[in-house]
Amino acid sequence: METNGVTTVKQEPEVKTEETPTEDFQKLTEYGINIKVANEIVKIYETGKLSPEDLDERAMDALKEYNPDDAIAVLKQFCESSLEHVGNKSAFLCGMMKTYRQNKKQGAQASPARGPDPNKLSEILERTGYSLDVTTGQRKYGGPPPGEDDQNPPPPGCEVFCGKIPKDVFEDELIPLFEKCGKIWDLRLMMDPLTQFNRGYCFITFCTKEGAEEATKLDNYAIKPGKNIKVNISVANQRLFVGNIPKSKSKDEIMEEFSKKTEGLVDVIIYRSAEKENQKNRGFAFLEYDSHKSASTAKRKLSTGRLKVWNCDVIVDWADPVDNPDDETMSKVKVLYVRNLTSEVTEDIMKEKFGEFGKIERAKKVKDYGFIHFEDRDDAIKAMQAMNGQKIGKLEIEVSLAKPPSENKKKEQRKRELESNIDL
C-alpha cells in the first residue's frame, strides 16, 4: 500500500502460539512436535497435571507422529482424566492415543465408564494406606501393602482369580468384599482401554494362603442382583512346552542352550523313548521357570521366529497346568511313579527291585512307566530315595511320589467309564 509516496507493508495477523515462547515450548517444537500440539502440552503443564519430566521419549515420538488435531483431542481427554493415581503418565497418554485411534477406526465413541466412587475410594486408601496405580490396562491396588517388602511376595497358592465381574464394578466395591477374607497383598483389576470398563475379571493376592482359601467361599456370590462372581485359587503357569528340538540333545544340553537364550530357567523335563537308546528325548521338552513373569518373557522371546535353537524353528506354547495336590494330600501318598521302563522290565522285576525296601501291595506297568503301591509310606520314601537314578534294564529310571488324581480327573474318568459301558 502506498500513502503520500511512502510504501507500507500490510502486516498479516500473527498465528498465536506463545506470546513469549517458553523454554518448554521451544524444546517441544525442536523435538519436531507440531506447534498447535506443543501449545496444548504447555497449557497442561500450567495446570500441574503434567510436567516435562513426565513425558518420556516414547510419548514424545508418538505425539510427533500423531495427527495434530487428533493429538489435541487426546490431550484434552488426558487433561480431563483423573490422574491422581496414575504412576506413569507417559504410558497412560500412549495408551489413550492407541485407544483413540482404535475408536476412530471403528467409527464409534464408547460412553466412558463412570469409574469408582471417589469418596469411597479415598476412604479406603486413607484407612489402609495402600497405593493405587492406574494404567490404561489395569488398576492395581497395593503390592506391596504398607510396611511389607516387595522382594518377598506371598508364596504360590495365595492368589485368587475373580471372574464374571459386572463391567461397571471397580475396586471401591471389590476391596471391601475381599478384605474380609484376609489381608490383601494386591488387587489387580484388568481394564479395557477402549471402553474404560473392566474386562470382567481381576486377581487378588492375599498375604497368606488362608486368606485365599477363605476368598474361594465367595464363589457364586451375588455382587449385584443376578450377577454372581466366580472365585477360585489362581495357579500361575511357570512351564513352557517347546517342540521341534533335536532328539539327540540331552536334558543338560537343553538346559544349557535355553539358559543362554532366556532368563529364570530352573528345570528341564524330558521324556525318553524307552526302546530307542540313541534318542535322548522325544523331540520336545518342558521348561520350568522361576516365575510366571520369567516364563511369559521367555515365551515372547522364543515365539518371535527370529530366534533359532540349534538352527531349528522351535514350537513354543504354554504347558497344560500341572495339577499339584496340597501338602496334606501328598503327605499320605504311598505310591511311587516310575519312568523310563524298557520293554524287558516286567512287573515282577519291578516288585523284586522295589520289594527290598518294604512290602508291596501291587506293581503296575503301562508302556514305559509304572506304579509301585507300598503298604507303608516310610518304605515308599526309602525306595524313592534309593532307586531314583538307578539303572533297571537299559535306562536310568526316574522315581517320584505319584500324584493322586484331582476330583476333576476322577469325574472325567467316571464319565469315560460310563460312556464305555453305554457303548457296550
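The backbone N, Cα and C atoms fix where each Cβ goes, and this holds for glycine too.
What TrEMBL says about this protein:
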- 1-10: compositional bias 'Low complexity' (COMPBIAS)
- 1-23: region 'Disordered' (REGION)
- 11-23: compositional bias 'Basic and acidic residues' (COMPBIAS)
- 135-157: region 'Disordered' (REGION)
- 158-236: domain 'RRM' (DOMAIN)
- 238-321: domain 'RRM' (DOMAIN)
- 334-404: domain 'RRM' (DOMAIN)
- 403-424: region 'Disordered' (REGION)
- 406-424: compositional bias 'Basic and acidic residues' (COMPBIAS)
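Beyond its flanks by at least six residues, the region 'Disordered' (135-157) meets 85-88, 91-92, 95-96, 98-99, 128-129, 170-171, 175, 183-191, 193, 198, 205-209, 212, 233, 235-236 of its own chain at Cβ-Cβ distances under 8 Å. Mapped onto DSSP classes, the region 'Disordered' (135-157) shows 0 helix, 5 strand, 18 coil. With DSSP classes pooled into helix, strand and coil, the tally for the domain 'RRM' (238-321) is 22 helix, 23 strand, 39 coil. Per-class residue totals from DSSP over the domain 'RRM' (158-236), listed helix then strand then coil: 18 helix, 31 strand, 30 coil. Secondary structure of the domain 'RRM' (334-404) per DSSP, as helix, strand and coil residue counts: 22 helix, 26 strand, 23 coil.
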